[in-house]
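Notes to accompany the following structure.
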Amino acid sequence: MAGSQLNVLVKLDQAKTQWYHFMAIVIAGMGFFTDAYDLFCIALVTKLLGRLYYTDITKPNPGTLPPNVSSAVTGVALCGTLAGQLFFGWLGDKLGRKSVYGFTLILMVVCSIASGLSFGHTPKSVIATLCFFRFWLGFGIGGDYPLSATIMSEYASKKTRGAFIAAVFAMQGFGILFGAIVALVVSAGFRHAYPAPSYAQNPAASLAPQADYTWRLILMFGTIPAGLTYYWRMKMPETARYTALVARNAKQAAADMSKVLHAEIEERPEVVESQVVAGETWGLFSRQFMKRHGMHLLATTSTWFLLDIAFYSQNLFQKDIFSKVGWIPPAKTMNALEELYRISRAQALIALCGTIPGYWFTVAFIDIVGRFWIQIMGFFMMTVFMLALGVPYDHWTHPAHHTGFVVLYALTFFFANFGPNSTTFIVPAEIFPARLRSTCHGISAASGKAGAIIGAFGFLYAAQDQHNPDAGYSRGIGIRNALFVLAGTNFLGMLMTLLVPESKGLSLEEMSKDNVVDETAQEAIAQA
């Protein structure tokens, strides 16, 4: 039978949009701003690291990171993120969302600064310390995924919940753009202050010693906005759903939300008891869980996994793709800072024209169109544009067609973000019960990061030319065939989306069945 709903949860579901909603979006969103900045800014500086630490000036081309080093630098933070999502997701259900929320931010800020301070001047020492700190940076970032999503979903009303969670996630777009802008400004400033010839003109002089400061400043700068929100993150009360349904203190939940909503909220003891008993009857991966949510967990993990293979491949290696099609000039025709400047400019344009608009289209339409159809549409359009890039790939390599390639490439980002990149983050925060919500979101997100790791490590090798691979790499399938693989991955994601339930307009308890009291619970209530 359906149990009566706790009054505090009804009030939250029916609440009009208020100041505390926007505060929650900003506080949680700044974490994602830093997450995206830190995860994606490394792609901007890897070519610079190759020039600084692996250049042999007797060779005709500037140095690049060896394959194993490039994979480690690019992917180590993703490995840390996967571990952090599982650990902090579980911890968020055991200790509370707020209890561990501040720790993740501290870890991100400290490790981000430490990454920029990686010590030594030899390649081994710099890369080793950089990878060490970026792993723990990723560990902190991983915690922000389940905690931010769960906190925002549990604070929001059911009418605007999708838009509010999407708005938190949309800060990722600003983080990517901010990273590109910081790199653009820093490289432009150093390029102006320390002019240098191209590598072809003078290999030794093209590597200005001051360029070593640029990548360090870029890695550290993203901590500032997130650090400013630490105080407010600690001031947020625990979510009412955790306090009432997990910590079993409905009175405290009502008191906390009375202050937030500026209204008196009281709870009936019999309703509280029915909710608590119903929530205690089964655990993660139990038969009852698998019956109610097993297919849901399969849907959220598989779609996020498939999405991140494509999304992170595109994001982390767009600099290589732009070089291959000729949008960025050959490395030897530029000095180290000029190359960083051009890569940053390209990423800023893609973020501004494709990435950010996609996020905010999701914010605008998710509570109108629904999660399911946005995800289906996004995967479908990503498949179409990947094929549009891959089928006539030789056409796009001609200088006259570079602009068309960039436009189509930007559109794949637009429909990733106005599509599965946003919805795979939102849905797991809505469809699982309160006691397991953070854990299940962490599992879903970790599955996504497993896909990202495949994208980060696999695409680097797979996209190598079939006849003329980069130094240190074996022959790959080429960018054209790699685009076909990504198109197939997106198509599989569209098929797996058929398992995703629609949560538009429903309360969290209606989706998770937290307010359903089964026969065992009824007997326990009767005996109490």
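Every residue gets a Cβ built from N, Cα and C, even glycine.
As a whole-number mean, the pLDDT of the topological domain 'Cytoplasmic' (1-24) in this prediction is 78. Summarising the annotation, Swiss-Prot assigns topological domain 'Cytoplasmic' to 1-24 (among others).
The feature transmembrane segment is assigned by Swiss-Prot to 25-45 (among others), with sequence analysis given as support.
The feature topological domain 'Extracellular' is assigned by Swiss-Prot to 46-71 (among others).
Sequence annotations record features per position, and here Swiss-Prot assigns transmembrane segment to 72-92 (among others) based on sequence analysis.
Summarising the annotation, Swiss-Prot assigns topological domain 'Cytoplasmic' to 93-99 (among others). For the topological domain 'Cytoplasmic' (93-99), the DSSP-based tally of helix, strand and coil residues reads 6 helix, 0 strand, 1 coil.
Annotation comment: Swiss-Prot describes 100-120 (among others) as transmembrane segment.
The feature topological domain 'Extracellular' is assigned by Swiss-Prot to 121-125 (among others). In terms of DSSP secondary structure, the topological domain 'Extracellular' (121-125) contains 3 helix, 0 strand, 2 coil.
Annotated transmembrane segment per Swiss-Prot: 126-146 (among others), in sequence order.
With DSSP states grouped into helix (H, G, I), strand (E, B) and coil, the topological domain 'Cytoplasmic' (147-163) comes out at 12 helix, 0 strand, 5 coil. Marked as topological domain 'Cytoplasmic' by Swiss-Prot on the basis of sequence analysis: 147-163 (among others).
Within its own chain, the transmembrane segment (164-184) is flanked in space by residues 21, 24-25, 28-30, 32-37, 40-41, 44-45, 148-149, 152-153, 155-156, 214, 217-218, 221-222, 225, 315, 340-341, 343-345, 347-348, 351-352, 355-356, 358-360, 362-363, 366, 417, 422, 425-426, 429-430, which lie at least six positions past its ends and keep a Cβ under 8 Å from the stretch. Taken from Swiss-Prot, the feature transmembrane segment applies to 164-184 (among others).
Listed as Cβ neighbours of the topological domain 'Extracellular' (185-212) (distance under 8 Å, sequence separation of 6 or more from its ends, same chain) are residues 48, 51-52, 55, 57, 61-62, 218, 221, 331-338, 340-341, 344. What Swiss-Prot records for 185-212 (among others) is topological domain 'Extracellular'.
Annotation source Swiss-Prot lists transmembrane segment at 213-232 (among others).
What Swiss-Prot lists as topological domain 'Cytoplasmic' is 233-296 (among others).
Beyond the ends of the transmembrane segment (297-317), by six or more residues, the same chain brings 40, 42-43, 74, 78, 176, 375, 379, 382, 386, 409, 412-413, 416, 420-421, 424, 427-428, 431-432, 440, 443-445, 447-452, 454-456, 458-460, 463, 482, 486, 489-490, 492-493, 496-497, 499-501 to within a C-beta distance below 8 angstroms of the stretch. Sequence annotations record features per position, and here Swiss-Prot assigns transmembrane segment to 297-317 (among others).
Per Swiss-Prot, the feature topological domain 'Extracellular' maps to 318-348 (among others); the stated evidence is sequence analysis.
Annotation comment: Swiss-Prot describes 349-369 (among others) as transmembrane segment.
349-369 is the stretch from 25-45, 72-92, 213-232, 349-369 with the greatest number of Cβ pairs below 8 Å to the transmembrane segment (406-426).
Remote same-chain residues near the topological domain 'Extracellular' (46-71) are listed as 122-123, 126-127, 199, 203-204, 206-207, 211-212, 214-215, 319, 331-332, 336, 339-340, 343, 456-457, 460-461, 470-473 (criterion: CB distance under 8 Å, separation of at least six residues from the stretch ends). The DSSP breakdown of the topological domain 'Extracellular' (185-212), given as helix, strand and coil counts, is 11 helix, 0 strand, 17 coil. Taking H, G and I as helix, E and B as strand and the rest as coil, DSSP gives the topological domain 'Cytoplasmic' (427-442) the counts 12 helix, 0 strand, 4 coil.
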